[in-house]
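For 1-17, the entry in TrEMBL reads signal peptide. Residues or ranges marked as chloride binding site in TrEMBL: TYR209, ARG508. TrEMBL lists HIS368, HIS372, GLU396 with the feature Zn(2+) 1 binding site. Under the heading active site, proton acceptor 1, TrEMBL lists GLU369. The active site, proton acceptor 2 annotation in TrEMBL covers GLU369. Annotation comment: TrEMBL describes HIS499 as active site, proton donor 2. Residues or ranges marked as active site, proton donor 1 by TrEMBL: HIS499.
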Amino acid sequence: MLWLVLSVVLLSSGCFAQSDDEEAAQIWVDQYNQDVQGVYFDYVSADWTYNTNITDHNSQLANEKAAESAAFDNQKAIEANNWDWPNFQNESLKREFSKIADMGYAALSDEDFNNMTKLNSNMTTIYSTATVCNKPGDTNGTCYPLDPDLEEVMSSSRDWDELVWAWEGWRNESGRKMPDTYEQFAELLNKAAVINGYADNGEYWRSWYESADFRQICENLWLELKPLYQQLHAYVRSKLRDIYSGHTFPGTGHIPAHILGNMWAQSWLALEQEMRPYPNKTGLDVTDELIKQGYNNTGLFLLAEDFFVSLGMDPMVDNFWENSMIEKPTDGREVVCHASAWDFYNGIDFRIKQCTRVNTEWLITTHHEMGHIEYFMEYKHQPVQFRDGANPGFHEAIGDVIALSVSTPNHMESIGLLPEGADDPEVDMNFLMSEALKKIAFIPFGYLIDQWRWDLFGEEFDRNNYNGAWWDVRCRYQGISPPVTRSASGDFDAGAKYHVPANTPYIRYFVSYVLQYQFHKAMCDAANYVGPYHRCDVYKSNEAGDLLRAMMETGASRPWPEILEQMTGSRNMTAQPLIDYFQPLMDWLIEENADETLGWDETGCPVGSIVP
Ligand code: X8Z
Ligand code: ZN
């Protein structure tokens, strides 16, 4: 859009014509690729320093480097538009130019850009350094951070009041401190989007999926998956009613949000033991075994690495082991604990930052993060603009698709983390339940965060109802309700979830949870696997590895439907492989839920739970 405006002005003035010399354009872009790596390296390095040592000074340095990088992006976008790139014959070159010409937030004035990054780091700092004090029964004045203490309470406590303390306290100390900052921040994001020719920042974010009807595509996928979620929801609700029998649940059918084993009710895996279909058979939580066998954090990383290498991918490089932060520092430094994987754009420096603990969830998260690193390494030969996922959901799916194999009872048995006897239909059902508590439980959560943000950017609601609108989607999609009254304007519970203050778009995870089952099926087929896909383990399969690697090394150099087609035979995202994978569990749940009323009142939260 911007390019069109410029070109009309310049061409009609008759003083300047854009060049269609593709050879010269190639030379220019080669030089660009030389230069941009250093600029991005400097920015990523400063950002890493801030993330692993939160101080005002480091925050300022990172923001300065962000500004330098934005100024560079801005300048290069202008230069790129000296070419008539939309009419290039070479599709790849045209695509590369289109990405360089997309200024993103660099389109803002220096002042706006600096304000934007400051507001962003203020929120990230609040989130990452918040602590909650006054735990019921404590007399020693201890205050607890989210990671590991509050997360540990949320997953292991079954004490209603203690859970309310952690749930409410976390929201008071994090989100509640940010709504005004977030309002200003969103205005700046929208301002950049409008300069770039988008209606608002939500439309800009959705443009990364290169599909005109992306919002509708997501809605359709959600509707396909909703019946699975409703079955799981009804089953878990009835078990929780037994566990918390002294407490009244809302008559509307919602589940109180604080008893699902997770601060955001996004994964219910912590309830695995209580939800096990066959309680006398082996469960899938390997935490005790990991500890018994003396695994440490590095041990989890080595397990993950071994699987990727078995598929023909590269091991982690020395730089990775030397520079990654794989546990929470004990030297008093404040850090951003939320797990992330980092590409330094120099082809040799890749890092993970996470506050690992030895348990089943971290074993899976470690695979997730290493999947990002493997993707970085597979596409490192690409021009910088193509060093990205085919779409953001692809990036989130790599490690998860590996974890689908790793988690199978057979694989766990083969690496000595589960006792023999995995080949049992009842163990199988226990396994599918544990997978559902991770994956099916997540689907509406993965969907709703950006429903809320897209609507906020689109000004569908205003500052007075930031939290009211948040709870609208929480109650409607997840069928959960706040355990204590929330204020529509005073609280800001969205800000208590990392990706909102950190400004990481979220629909990518929803997309990934659909795609990873498409990938898994394709890889199992490539490995000539025969049988139900939930039992498929592609460990050591060159064929599965080659298929995945062919997708990964393509990066973002072509539109994702082409890349998806090459891998799976389909140009579309489809929920069918996910639905098929869980079919045996669904059949079991339908019988189990025969006497349950499915669903909840989808018009909103229980009356009185949200006040102005
Ligand atoms: O943020 C993450 C990863 C980093 S990309 C740890 N995830 C989402 C979350 O934690 O909310 C992975 C699953 C969803
Ligand atoms: Zn990720």
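Don't overthink the numbers, they just go from 1 along the chain as shown.
The backbone N, Cα and C atoms fix where each Cβ goes, and this holds for glycine too.
Curation plays no part in TrEMBL annotations; they are all automatic predictions.
Feature annotations (TrEMBL) mapped to structure.
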{"residue": "TYR209", "record": "chloride binding site", "DSSP class": "coil"}
{"residue": "HIS368", "record": "Zn(2+) 1 binding site", "DSSP class": "helix"}
{"residue": "GLU396", "record": "Zn(2+) 1 binding site", "DSSP class": "helix"}
{"residue": "HIS499", "record": "active site, proton donor 2", "DSSP class": "coil"}
{"residue": "ARG508", "record": "chloride binding site", "DSSP class": "helix"}
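Neighbour list (HIS372 (Zn(2+) 1 binding site), Cβ cut-off 8 Å, at least 6 residues apart, same chain): ALA341, ILE352, HIS395, ILE398, GLY399.
The recorded positions considered are HIS368, HIS499, ARG508; of these, HIS499 has the fewest other C-beta atoms within 10 angstroms of its C-beta. The residues near the Zn(2+) 1 site, meaning same-chain residues not in HIS368, HIS372, GLU396 whose C-beta sits within 8 angstroms of the mean position of the site's C-beta atoms, are ALA341, GLU369, GLY371, HIS395, ALA397, ILE398, GLY399, ASP400, SER512, in sequence order.
If you check the recorded positions TYR209, GLU369, HIS499, ARG508 against GLU396 (Zn(2+) 1 binding site), the ones with a Cα inside 10 Å of its Cα are GLU369, ARG508.
Neighbour density for TYR209 (chloride binding site): within 10 A of its CB lie 21 other CB atoms from the protein chains shown. Cα of ARG508 (chloride binding site) to Cα of GLU369 (active site, proton acceptor 1): a distance of 15 Å. When the recorded positions TYR209, GLU396, HIS499, ARG508 are checked against ligand 2, GLU396 have a Cβ within less than 6 Å of one of its atoms. Geometry remark: the residue listed as 'active site, proton donor 2' versus HIS368 (Zn(2+) 1 binding site), CA distance 17 Å.
Taking the Cα atom of each, HIS368 (Zn(2+) 1 binding site) and TYR209 (chloride binding site) are about 21 angstrom apart. Counting every protein chain shown, the number of other Cβ atoms lying within 10 Å of the Cβ of GLU396 (Zn(2+) 1 binding site) is 24. Of the recorded residues, GLU369 (active site, proton acceptor 1) and TYR209 (chloride binding site) place their C-alpha atoms 22 Å from one another.
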